[in-house]
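Annotated features in TrEMBL:
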type	residues	note
BINDING	64, 114, 158, 165, 189, 241, 259	substrate binding site
DOMAIN	315-400	domain 'STAS'
Ligand code: DON
């Protein structure tokens, strides 16, 4: 733990504690009766360490923060094609409970408004509402790293007052969006909204998304990186409803709010944030929660569009241990832009060496586009009558089946031995 970070988080929570703007959700007594002063923050690092401040262990109902997780579960279980045929991904700019569908497709505009969330519930496999709910609860619990409790009273009240959601479900049914009985689907929707979480749970759930589907605390893969990518995308564009534009500009983190007062926010690859403060603004977002996220993002530089990593830093060093042999030492995360730069650098110097050794020992992570580009470098060297050697002790670049580089070594010294043999075999040298 870092004392500095802890002090900073306590400071921000303290600064905003005096803000009393907003109102409790009052459509059901259980939400209208909570302590308006409740205020909690938790941040989980991508390796699972959780910082807590204020009422980070206070339980509240997850409400709409359930939506991205059920959407992720639906994607995980039935795949993108089926999900896309039932739910769009366009921001609606409408309130969360708007009774609306897309004009052309007659499907909900996105999974973050109630219409899309109800449609997502119907896509989760299950022969009965109980089975479907169990699957959902298990999925959220796997993301949170503990079994989440269910609030029976909130569920009953949601169900008793849910005319608007009933209107939405029946409208969806009339357009053929729901493959199941609308009341059964709604029952599961009300139940999922009534699961109880703390800020710590939300931080852990967020961190699971930040880690591309792996819960950093349990190490369990909960879903795929592709599902997470899609889920985070709709959180960016639609997560904060008709405040989505404001949110992305000012905070710049994929997020989702709920009328229970919670917000989950995610910094991909880095952090999950869980916030609780039940006083809501007119759009149904937590007033202090929004301010807190805004503050954290500004002061800690968390905006996901902050351009921080220069691709130039990918090539750490270029040196020539022997005339005719050039070593390109790479480091950091190697993605498309960095690999493109490596490809260009090697290509540019083609006349100056016979053997290129690409040393990826210090590369932490690489994606497939970078792998393909490096394979391309290898091929182009061969075509030019040169030799490309790769030093890849952890096999981050080399994957079987991709037909990559001829020669892979564990150390630069080993590669040099081969490089020198290549030089000796060259008649011109
Ligand atoms: O569907 C509803 O009305 C609620 N149970 C959930 C709504 C919600 O959390 C909206 N988010 N801000």
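Glycine is no exception: its Cβ is also placed from the backbone N, Cα and C atoms.
Candidate binding-site residues: 165, 189, 241, 259. Those with a Cβ under 6 Å from ligand 1, in sequence order, are 165, 259. A sphere of 10 angstroms centred on the C-beta of residue 165 (substrate binding site) encloses 23 other C-beta atoms. Binding residues for substrate (64, 114, 158, 165, 189, 241, 259) extend across at most 20 Å, taking the greatest CA-CA distance. By a simple count of nearby Cβ atoms, those within 10 Å, the most crowded of the binding-site residues 189, 241 is 189. Residue counts for the domain 'STAS' (315-400) under DSSP, helix first, then strand, then coil, are 32 helix, 35 strand, 19 coil. Counting only residues at least six positions away in the same chain, the Cβ atoms of 25, 31, 63, 64, 280, 284 sit under 8 Å from the Cβ of residue 259 (substrate binding site). Across the domain 'STAS' (315-400), the prediction's mean pLDDT works out to 88.
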